[in-house]
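This report refers to the structure that appears directly beneath it.
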Amino acid sequence: MISKQQISEIISNYDLNDLAIATVCSHSSLQIFDGARKEGLRTIGICVGQPPRFYDAFPKAKPDEYIVVESYSDIPKIAEELVRKNAIVIPHGSFVEYMGTESFAELAVPTFGNREVLEWESDRDKEREWLEGAGIHMPKIVDPEKIESPVMVKYHGAKGGRGFFIAKDYEEFKQYIDPNEKHTVQEFIVGTRYYLHFFYSPIREEGYKLSEGILEMLSMDRRVESNADEIFRLGSPKELEDAGIHPTYVVTGNVPLVARESLLPRIFALGEKVVEESLGLFGGMIGPFCLETVFTDKLEIKVFEISARIVAGTNLYTSGSPYSDMIEENLSTGKRIAQEIKLGAKTGKLDLILS
C-alpha cells in the first residue's frame, strides 16, 4: 500500500486553491460530481471506453472533463495525469471492486479516506473481528452441518446482492454451495433492513462529538432486491420451492427510510462504537460509511456488514434527507465529502483525511 508519507509529498505540490474531485463514472458518481460542483470544486470523470451518454441528460452533475481508459486495470497509468490536475480520488463501491483492492491500495493519487480500512472491510473474518471488537451485535456464525433454522450464506467479496443464498438445512446448503469459494454462514435475522449512512469527520468540532472529531448520520435507506422483493406474489415459499423458483438478492434500486426517533440514540451509538474501534485498529475510518442492519420486532439492531465508503443508497438524497437537512439544507453525502476536503485544505489538515 502506498504510504501516507508518499501521499503527503504529492499533496505538498498541489495548488490547494484549484483542487479537483475525480472518480469512476459509475455507482454514486453523479452525486459526487454534483456535490463537488455545488462546493465550487472541479470534477474529473474516469471512464472505460466512451464517456457515458446519459451524463448529458444531467448537466449539473456532468463532470468538467473526462479521462478515458481502456480498462479499469489501466487506471494506475493515469495517476500522473490526475496528480498534475490536483485531483483527489473519491472511492466508491464500483471503483474499488472493478479496479481491485490491491491496485487501488497502490494508486499513487491522494484519495479521500483511509485506505487502511480496505484490509478490514474486504475480509469477512477481519470485518467481524472489527465489529464484534466494537461491541456490535452481529448474526451468529453457524456450522453448516449444524443448521437448524434458516441461514444466510455469503461469499466473500459479494457485491450488489450477488453471492448470497438462504439455506434451511445442511442438505440445501450442500445443494447450492460452491466449495471453491470462501464463504460465511450466519443465522438469518428476521426483521426490517435499514442501511444507515454515517459520516465521520476527524477535523470538524461542532456536532456529535467522539474522542476525536464528530459523527454525523446523514440518511438511511432500504435496498430493492430482485427477485426477493416480488417473488412471493407468485405463491407461498413452499409453492415456489416446488416450482423450482428460488429467491435472489440482486440490488436494483433503493427506497428512502426514516427510523423511530426513539431509536436514534442506539443508531448513533452503533456508529460511534465502530468509529472508535477503527481509530484503535488502523487510525480511523474517514468520511462516509454505511452500517447494514436488521431491526427486529424487539427493537434490537443487528449489524450484518459495513461498507466503509459512500454507498449507492445515498443517491436518494442529492438534495438532502430528512436528517441531513437538519444539519444543512440540501446536504448530500457527495456535497459533504467536498466540504470536508475544502475544510481540510483551508485548515492545513488534508493529511488527516487523505491517504
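Backbone N, Cα and C atoms are what each Cβ position is placed from, and that goes for glycine too.
Annotated domain 'ATP-grasp' per Swiss-Prot: 101-332, in sequence order, evidence recorded as sequence analysis.
DSSP assigns Gln186 (ATP binding site) to a strand segment in the three-state reduction. Around the Cβ of Gln186 (ATP binding site), a 10 Å sphere holds 18 further Cβ atoms from the protein chains shown. For 144-195, Glu225, the entry in Swiss-Prot reads ATP binding site, with the evidence type sequence analysis.
If you look up Swiss-Prot, you'll see Glu292, Glu305 marked as Mg(2+) binding site, on the strength of sequence analysis. Long-range Cβ neighbours of Glu292 (Mg(2+) binding site) (same chain, at least 6 residues apart, Cβ-Cβ under 8 Å): Arg193, Tyr195, Leu196, Val303, Phe304, Glu305, Ile306, Ser307. In the three-state DSSP assignment, the secondary structure recorded for Glu292 (Mg(2+) binding site) is strand.
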Lowest local Cβ density (other Cβ within 10 Å) among binding-site residues: Pro144, Pro179: Pro179
Sequence-distant neighbours of Val151 (ATP binding site) in its chain (C-beta under 8 A, six or more apart): Val142, Pro144, Ile166, Ala167, Phe173, Val185, Gln186, Glu187, Phe188
Set of same-chain residues at least 6 away whose C-beta sits under 8 angstroms from Glu172 (ATP binding site): none
Tertiary neighbours of Phe165 (ATP binding site) (same chain, Cβ under 8 Å, six or more apart): Met152, Val153, Tyr176, His246
Count of other CB atoms lying within 10 Å of the CB belonging to Glu305 (Mg(2+) binding site): 18
Surrounding CB atoms that lie within 10 Å of the CB of Arg193 (ATP binding site), all protein chains: 15
